[in-house]
Amino acid sequence: MRAHPGGGRCCPEQEEGESAAGGSGAGGDSAIEQGGQGSALAPSPVSGVRREGARGGGRGRGRWKQAGRGGGVCGRGRGRGRGRGRGRGRGRGRGRPPSGGSGLGGDGGGCGGGGSGGGGAPRREPVPFPSGSAGPGPRGPRATESGKRMDCPALPPGWKKEEVIRKSGLSAGKSDVYYFSPSGKKFRSKPQLARYLGNTVDLSSFDFRTGKMMPSKLQKNKQRLRNDPLNQNKGKPDLNTTLPIRQTASIFKQPVTKVTNHPSNKVKSDPQRMNEQPRQLFWEKRLQGLSASDVTEQIIKTMELPKGLQGVGPGSNDETLLSAVASALHTSSAPITGQVSAAVEKNPAVWLNTSQPLCKAFIVTDEDIRKQEERVQQVRKKLEEALMADILSRAADTEEMDIEMDSGDEA
């Protein structure tokens, strides 16, 4: 290494045609690496590495890219250039200044003079990016503000929900919702949740953004399935006895031969039964053992049924029969005849008529009607007497109050 007249030190082994900072000359492939506050110039024997200081520089052209932490710039290029400048700095390198040029090298500091060389296309010095910035190239990471993880009651215990608000970009102010499993796995969408949970949790009415079960979504899904013509065709029995048409690729409709062992049998259809909703038979038996009471919590005595009404079937008594007859009177407009078939005593499970109460068949005679009319007249007469007694008692109370008020005024 030899000293430079300007006070700097230059590394040996620098080939001709390579220039240092502040100098000029014809250069080959060169790379510039810019430092923070100072620099040292040290071209390599082959490619010519030059480190440029705060002030001073050269001209050339080439490609550049951002270096590491110091915010410097390095690149490679070919060209000729000239420049004048001064620089101070410290660095390490190997190099040798060209004839007639001057510069800094090694790990010393100093000033460089000027040199001359052939002109060429100017080289732009890229502006270094500040430390910690996103740098050139594709868009940097989006700034977000993390929210607090909260428990999600709609999911199994241990699941957390987090809402993250975007702080930059065109979508600033919007939020993203994430869910975390008890093991810490992150989920970004509802399909991911459904695949992970499987059949353990029904997510058909789950709202991913609010984290709650929405019954309105479930009703919409049911209504959509109900209105779907494909689902309407499922589950309906086909009782049509007409011969079907062969469904083949032929453009002509060909009949199908129907083969049966009982050609005389006919299928009977009951349209009323098809429209009837399923219900529980003899639901009035659930009222067995229950009794009504008045305002004084006294049990009201049940009414007595006529002697002609007798229960039928296992576990039948007067209370159950009374409930069955009352429910039939209020819920059905058909006449009540009881179990007409005599075979119901032998096998009630087969011959029982579910539209009639569990009582034997009975016949209402004229004598029964006359007795019922007499009972109704007696009850009405008792009611009339009770109402008259109440009216008289109210009138007597009013008259006594008037007399007391008159005596008070005279006094």
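Cβ atoms are placed via backbone N, Cα and C, with glycine included.
Note that the structure is predicted; figures quoted are calculated from it, not measured.
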Quick check on the record annotations: which of Ser44, Ser181 is tagged phosphoserine by Swiss-Prot?
Ser181
Could you check Swiss-Prot and say which of Ser39, Ser47, Ser216, Ser407 is marked as phosphoserine?
Ser407
Give me the Cα-Cα distance between Ser181 (phosphoserine) and Ser407 (phosphoserine), rounded to a whole Å.
88
Which one is it: of the modified residues Ser181, Ser407, which Cβ has the fewest other Cβ atoms within 10 Å in this structure?
Ser407
Just to be sure I understand, if DSSP states are collapsed into helix, strand and coil, how many residues of the domain 'MBD' (145-213) fall in each?
8 helix, 22 strand, 39 coil
Looking at the domain 'MBD' (145-213) alone, can you tell me the average pLDDT?
86
